[in-house]
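Have a look at this one.
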There are 2 protein chains.
Amino acid sequence: MVGGGQLARMTHEAGIPLGIRFKLLSDTPQDSAAQVVSDVVIGDYRDLDTLREFARGCDVITFDHEHVPIEHLRALEADGIPVRPGPDALVHAQDKGVMRAKLDAIGIPCPRHRIVTDPEDVVRFAAEGDGFPVVLKTVRGGYDGKGVWVVETPEEATDPFRAGVPVLAEEKVDYVRELAACVVRSPHGQAVAYPVVESRQVGGVCDTVIAPAPDLDDSLALQAERMALTIAKELDVVGHLAVELFQTRNADGSSSVLVNELAMRPHNSGHWTQDGAITSQFANHVRAILDLPLGDPRPRAKWTVMVNVLGGDYPDMYSAYLHCMARDPKLKIHMYGKDVKPGRKVGHVNTYGDDLDDVLERARHAAGYLRGTITE
Amino acid sequence: MVGGGQLARMTHEAGIPLGIRFKLLSDTPQDSAAQVVSDVVIGDYRDLDTLREFARGCDVITFDHEHVPIEHLRALEADGIPVRPGPDALVHAQDKGVMRAKLDAIGIPCPRHRIVTDPEDVVRFAAEGDGFPVVLKTVRGGYDGKGVWVVETPEEATDPFRAGVPVLAEEKVDYVRELAACVVRSPHGQAVAYPVVESRQVGGVCDTVIAPAPDLDDSLALQAERMALTIAKELDVVGHLAVELFQTRNADGSSSVLVNELAMRPHNSGHWTQDGAITSQFANHVRAILDLPLGDPRPRAKWTVMVNVLGGDYPDMYSAYLHCMARDPKLKIHMYGKDVKPGRKVGHVNTYGDDLDDVLERARHAAGYLRGTITE
């Protein structure tokens, strides 16, 4: 696996029971996954020679992030190393312009969008629809709210063009809430769909995931799952695919979904599956890239809630553990071994049960206490 | 953790979500746990200098097995390293004579027993009760049926004395079935009890565990859990304690339990908890030795079944995985990364559900297929 972040850490954890020999390419020995994996190579994933040396002896290469240059992935494939997901799929996760063009071509509903060339073009884009605000995104390099601007005036539309990367303009969708449809697909074409979840963001960063999404119309849930399965198939995704969605309300009171973003790897919106599904997203990602039959994605509890733990007041979690574990013996804590920096994702908690209010309260309390924003 | 077997492997897996820095002392780099842990020291646990060097910088030392010499553990404690469970507890798991004497002293029912000095003394022991057969055990060094003899005649009673280790004689209990009561206890005295399970042995090796034990009288289950909690407290066990029990039928038709063996570490009879309990034995062992509040031990499913996978026809599990995973998408496989040798425990499977017959069949089929004894 290329990339030493928490997704690699949790993928290794999920691979241990399968007897998988897990090899990691990590930037530093202190990275989240490098702390817990036996076979670690320290190196730069942007360097082809490093990648080639790392890949030697691997049965398959997969990724903790989407930043490995596509041409390097093609070179690995030319060397005979299976790359999953492959470069032809990953390009859609790396470049939002390519992604939007492909989703348009296969008939997947998206926010109104087009590539814009300069601030004047942004004004034209706004005029083509309902005017400002407009969402501007650099087509490459963004994540967790970075590389995304919501502009209210032409004057605000200058920053995104400074990076020298093409800029995608999108209508600012007046959504009811955000959803995520996660699926896993294997090379021989088997696919499973997890229940559609509600994802609540704070400051552009995922904060809370509720599985399944409460009060979601069955037909809309089915439509969202089918869209994710279609995208996985049409883009030839292998492994876990997260499709981030906007749920919108139509004039007649009905709801629709529009695709916001794609991620082709285990994803924050699937962390609930570790404790809430029969097979976790990490276990199914491992099974998919090895072309093993996929595990059952169905939930084990009526409700599962995931809340991210952001860096806060506790550099050492021990004393916070004492409180959280004593208060809630059913709480599931997942920490990433990262140094605590304000606002950085350093872990998450999962709770599950029959009463959504209770499950939500327990997860929020624990995440707030671990961060230091709740002190009782 | 001292010892690189599968218990260490699965303890590491359970510690990853808690952000635990796990350091391993392993005999070889190929050992089950050494394959998946970042921080591994290769060395001999029987050498005090090796242990001391390994222990430097550890917050606490715990064990994959019970074979570390007690005097070495006392030396580590004298160095200021917390050893959990401590030597005063572990001596009861290392020496069956000490264990029986202690259980007698605290009023825990055991099979009739005493230390015997030679084959003639075995004849006297038999005559003191119902005669032959008699069970002979070397007080130290036995596991999985090794170091245990069932003798029918005085002539057969010579082998056990050849090892130069004291020999314990026990009545051969005419039991209905074997049970196990597993508890976890922390240094400050918190303890949790897992539901009592039925354990089925084949050739002295654990084969199948059913959780909870079917048709077990509530009062007998409570008595077994209380016995395990009492033993943990009176022997000052820290961490996971497995109490292996014989269920016997009394003349009046009622049932009793007698203690067979103790294990002070995660144990085969608790492997079902990985997929069947809210908190696994491994997670609770980690929490206990770190004196963190313990997790909820209750089951998540009506029935959970664990069946061990023994080494058989498949040196490579990949093709067996294809069949097992495709047949049962809910199957939970736990392999240890060990070289396959006939009869060696190389993994286990867990299944769970509402219908015990179905759950048992799925686990048996998968374990048999992985071993190669079932081919369809």
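We number each residue from 1, going along the chain as drawn.
Including glycine, each Cβ sits where the backbone N, Cα and C put it.
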Need a hand: TrEMBL gives B:K96, B:E170, B:E171, B:K172, B:V173, B:E178, B:N260, B:E261 for ATP, which of B:K102, B:K137, B:K146, B:K233 is also on that list?
B:K137
DSSP three-state call for B:K96 (ATP binding site): helix, strand or coil?
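DSSP assigns B:K96 (ATP binding site) to helix.
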Quick check on the binding-site residues B:K96, B:K172: which one has the highest count of other Cβ atoms within 10 Å of its Cβ?
B:K96
According to DSSP, does B:E170 (ATP binding site) sit in a helix, a strand, or coil?
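For B:E170 (ATP binding site) - judged by DSSP and reduced to three states - the answer is strand.
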Between all pairs in B:K96, B:K137, B:E170, B:E171, B:K172, B:V173, B:E178, B:N260, B:E261 (listed as ATP binders), what's the biggest Cα distance, rounded to the nearest Å?
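Between the most distant Cα atoms of the ATP site, 18 Å.
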Between the binding-site residues B:E178, B:E261, whose Cβ has more other Cβ atoms within 10 Å than any of the rest?
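Result of the Cβ crowding comparison: B:E178.
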